[in-house]
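Student: I'd like to ask some things about the structure below.
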């Protein structure tokens, strides 16, 4: 049994929607909506599973009571037979083992007690032994010494083990508990309290022979400690090949690291004293065959050719300096000539002021160079001579000018990052020679002008970011026209004063012909008025932050503007292909008619933020015609009421989030059209005390298809139960409990009504059963035959004439055959040319389907049934067959033609009595598999269906 407060996440196979006071259920393939974002960090995504998120759990059996049967009440998690991922947050007094039949599919376990300091939770021997499929285990913030020495014994399938903050100062406390996990392939240990690496006191490791590794299958190992003050010889011999080692070392302790028994370290991260010289570091690098080294607070002043000779095997060097504490403004760059195998070099926060010519000569393998947070003011012509870089980062320096052909020697460069410098001028042809450059980031500089040839030569550039520069109003015409591969562009005005009150930007003149190929164009005027011209006939003038996405049309539109206008009209109407629209206004904004939103019929997600719908002439009409809409969010909006006229076209809506600023009513008709709704979130729900709203309580609790979530920004936890909902009374002052209000004011004497209704219901049920047993199979065909006869009588002036030669009865799954084979060979052959009736083409829109079928049958000379396995499974096809055979019996004419598109086994055919009788008594056609027989098939069928010669 678990004790204390916890947050639990259970990944299960299936569930229904419901409202639960402490849990949410989500389809794992869908967005978790407005629930706490950190949930997403731990949950795996699988399209056919569901996720139960439970918050503020204090008593498991009580708090999880009411979950659907396939989850059941918790008792050692025994009911969760399909559970694969278990995440538990909190500190518990004890965790007991499961039984052999419990949690048979559990694969991932994550215990998080980090929020409680060191969690003293007792976990006994063999606790996890019966979890036979567990392959991943994470224990975070639990005191390992409180667990039994054999706590992990029996976990034969465990492949990944992460132990973080185990609250122990002796590595043996960890090692002795995990040394028998033979299947382990990945081991992560983060123990900041361990300061001394001593010999293990586990008996299995103390032998007269040389110590051998315990984990023979281990492919990845990561040890992270705090400040190590002492290393005993052979203390890490049990782990000879280490993937990653992290810790703080003094120079004396660092030199003892090769004596620990480790043979090789791939990745070594060292932080600590600035006094460690590079000769000592490289000595350790050489002895332990280290390939990647990360040095924090590095003593870069000791760098020289001789000091790094033993670092020749390094492939990655990351040097982050102490900043202004120990600056190295004049680095001896000749040290790089000794690092022949280096392919990545990072020198960060060393306050270097100059990089001399030919500084990196000889580093022919270097592909990535990062010189961030230094004081470099300019680059020389031959600074990067001899390099074969694909990535260059010069962020957070003091560069002011980029000269012409500045990077011409870096012909292989693909990514260049110059963000957060002081660049105010980029000369023409500055990037000439960078024919392979794909990404250029120059954000947060002082660039005031882009010339026509600033980016000349960047033929491969696909991504250009110029945000936070005072240049958006001064981009010369045709500046981007030669960037033929450009796909994504970001332009943003820096927040400084402009002489021009309105920013004018003509995208056609700037981009020329490449405008049509862009997939992402971001433009921000810094909330200044802007005139945006695209082409010659679409102009917008407003304060906006506008983001456009789309290749041939805009499919994603994000507008942050008080007024989003084209002239005096709402600009959204011009983006007719938009699928995602996020519009933020202000509640204080002037009234702008938003009715044109209902013209965006392709919308799948609509978000309105701070939009006052109270001032709209007809707020409900705004949401009409949006039949494809799946997600609707009204965030900090105002509206008078929620009713059915608003949601009448929401056939596809799955997720609805409502945060309404004012007090409003929610009428029952509001949810009636929402047939696809799965998640409904009321954030800070404020309702009037009215019986018109009383239905919400019963509906939220009983309607299992929809999960209703109540959120409050002022409560902790943020989720609260419907029973805690309050409302505003008529006097505008009192706020009683809404549930108690409805019980006191909205209940009626229902006893007598139920008695009468039950009695009438029983009588009606008996009558229906009697009629169904006596004449059930004949009722539906009789009704439609009668209806067809009446329709024929009403068309007496056209008696003996038909509108169609044949009504084609087929399954929608066979429509491709109909379109590609049937229509070309019957309707396009003649004369005489046949006129066929297809439900997908000829049914009248808006008319009842059954009436369409009946009218089409009686307006056709023949009925042509295309029988397939899909046809036999279709209820509509079954109805069409019934009506056709009933008409055959009434008219006694040869009007029914059967064609089998595939072989149907007799045993399966016998289940369909009408069709089976027809096959035995009437001649039918089989669609030949041999293409050579197709022509004879069509000749025979056309001859049967063609109208009489005297017609």
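Using N, Cα and C of the backbone, Cβ positions are placed for all residues, glycine too.
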Student: Would you please say which range out of 505-523, 524-542, 543-561, 562-580 has the annotation transmembrane segment in TrEMBL?
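Tutor: It is 505-523 that TrEMBL describes as transmembrane segment.
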Student: Under TrEMBL, which of the candidate ranges 704-726, 727-749, 750-772, 773-795 is annotated transmembrane segment?
Tutor: 750-772
Student: Over the span of the domain 'TIR' (802-945), count residues by DSSP class, listing helix, strand and coil in order.
Tutor: 79 helix, 23 strand, 42 coil
Student: Calculate the per-residue pLDDT averaged over the domain 'TIR' (802-945) and state the result as an integer.
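Tutor: Mean per-residue confidence for the domain 'TIR' (802-945): 87 out of 100.
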